[in-house]
């Protein structure tokens, strides 16, 4: 049964028996892969949102294409492996791997077609404002002069024209690699041959052309330019047919749990990943069928793995065009605020944190405060020890530099570097070696568990005692992504939280199971039970006639046990509001099953990434008595059962109000970049009701200071209460 058929059978229950049947059926869940495709459809819809500047629409198109590539490299590759091994075990929603794969490929084909359709519209619109992508047949004589020089100086030296015959076998095409396939005829005797030109990844994709006196920004793609100079590469041959193709390979890593040297094991696995099986081939629609079939045979690709594209391949690379100097076609530049609370204390992070907990809301507030915290720790002679987790960071990481500086200054520095951070494995191996050379004690955590928690800890001698300052985050220690991801950075000197963080580090470095922590919770041992207990408490409050409410904000909601607990809560009368950016396997709004559950997704200028979990505790939401957590964990089995994740309570009244009444409420009432998730897993854009004011959460956060970071100078500019009880 395919997903469409499965969805068609999910009817609104007519009575108690039907509700019970659905509650016990696999169809109470939405397939996670299909839900992800719905999410990427929302991203593509933003490329069609005329409220965004044109180049921002192009950016969303690029993001949706890049997302789809990664989805194939990991999720589709995994399903293909299961099908190949004959796995018939259904997913929680009841679909076998082969059923999921068939549905995914059909949906992906439509998505790719729609991406290309949107590109054609954007191409026309961009040309109208002076950004023109020129086809090879449209180049002028003046263009050819420029291109000839560029080709000879910058492209020709790195190309290798390759005839395909027994002496010249079909070459290896790397993941996401471009190639130009050719059918050639020797002019001397009419003899035909197939040939290939691998298009180098390190050469710029879009070549600037003269403006021809129009002032326009004119470009041609690298593959189109190479096509103009085939005679330079194959003199004496005529082109009978040609076309560009691109491959996507299996890029998931398989790591043995028994390993003597984890770094060497990963280095070997990374080399093997480069040669992963081809799981998708994109071919230019202009490529003759005979030539396309030849390439497919050489790559070992089946018909259902070939996607014929009537447009431009690798739309993800249009992110390069977004960088052109046309600020009028982009979002207005935004400069993140630095928390005034830190400035009030002369830039002394420790003094500001010691006075009161601080929550920094990225990207609206600068990630520089996290860097400054670590730099101050590195340079403060009273700091004796620093501990840090690193999951992802930037190529020129100030975090790594601060840790190295601290170690070189003689401090005890421990860094947990997670080698299993997907697509950042090589960078993390490099960082680990750099840190070790500086004297940092580097550990790699668990082979079987991925350490995803975001923790930093500085131990400082103050008088006769040691004080511990900690940072608990929802996002990575990555200064670049911190400019576009919405995340939370919590700073505290609370000794209870500090002791919990120390025990979590001991768990990671020494396998010392932390047991029940005093305030925080950690997966895979205590985080999920903590959340389930809170859901159970809300159910009891509802049954007792007290206010009962749950607010969740995360990237994905997949875990069956959590979903079933939320269904039970809905049936008991608990009001559940979920802000889920991506995958949501829960079916909201079904009478008797989930009628009290609402799910929305926000897709906008910034990538929603923070995780927040709120429980009314018998007082409803929002309430100063509510239980509020921030977390590194999404509600997925991998996060809750197979990763080291953290759940941190927020008890400081100001920070509590900031998270609950400011951040969560703003996300809940957003009606400009929000989508309502429907029972079948699809979504519809939320628009203001008649008489309702438009409200954009991202714009609100850009223009309003946070409660805990605003400082004395902004004390009188507290944001108005946003909450309207529904």
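Just so it is clear, glycine is given a Cβ too, placed from its N, Cα and C backbone atoms.
Secondary structure at residue 581 (ATP binding site), as computed by DSSP, is coil. Long-range neighbours of residue 581 (ATP binding site) (same chain, six or more residues apart, CB within less than 8 Å of its CB): 39, 554, 555, 556, 601, 602, 603, 607, 608, 609. What Swiss-Prot records for 67, 485, 581, 609 is ATP binding site, and it gives sequence analysis as the kind of evidence.
Swiss-Prot lists 392, 422 with the feature Mg(2+) binding site. Look at residue 392 (Mg(2+) binding site): DSSP puts it in coil.
Its own atom aside, the Cβ of residue 452 (active site, phosphohistidine intermediate) has 24 Cβ atoms within 10 angstroms in the protein chains shown. The annotation active site, phosphohistidine intermediate is assigned in Swiss-Prot to 452.
Feature annotation from Swiss-Prot assigns region 'Disordered' to 704-726.
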For residue 392 (Mg(2+) binding site) and residue 485 (ATP binding site), determine the Cα separation and express it in whole Å.
13
List the residues in the vicinity of the ATP site, defined as same-chain residues other than 67, 485, 581, 609 with C-beta within 8 angstroms of the site's C-beta centre.
555, 582, 607, 608
Which residues in the same chain, at least 6 apart in sequence, have a Cβ under 8 Å from the Cβ of residue 67 (ATP binding site)?
40, 43
To the nearest whole angstrom, what is the C-alpha distance linking residue 485 (ATP binding site) and residue 452 (active site, phosphohistidine intermediate)?
16
Starting from the Cβ of residue 485 (ATP binding site), draw a 10 Å sphere and report how many other Cβ atoms land inside it.
19
Does DSSP give residue 452 (active site, phosphohistidine intermediate) helix, strand or coil?
coil
Reduced to three states, what secondary structure does DSSP give residue 485 (ATP binding site)?
strand
Neighbour tally for residue 609 (ATP binding site), based on other Cβ positions within 10 Å of its Cβ:
22
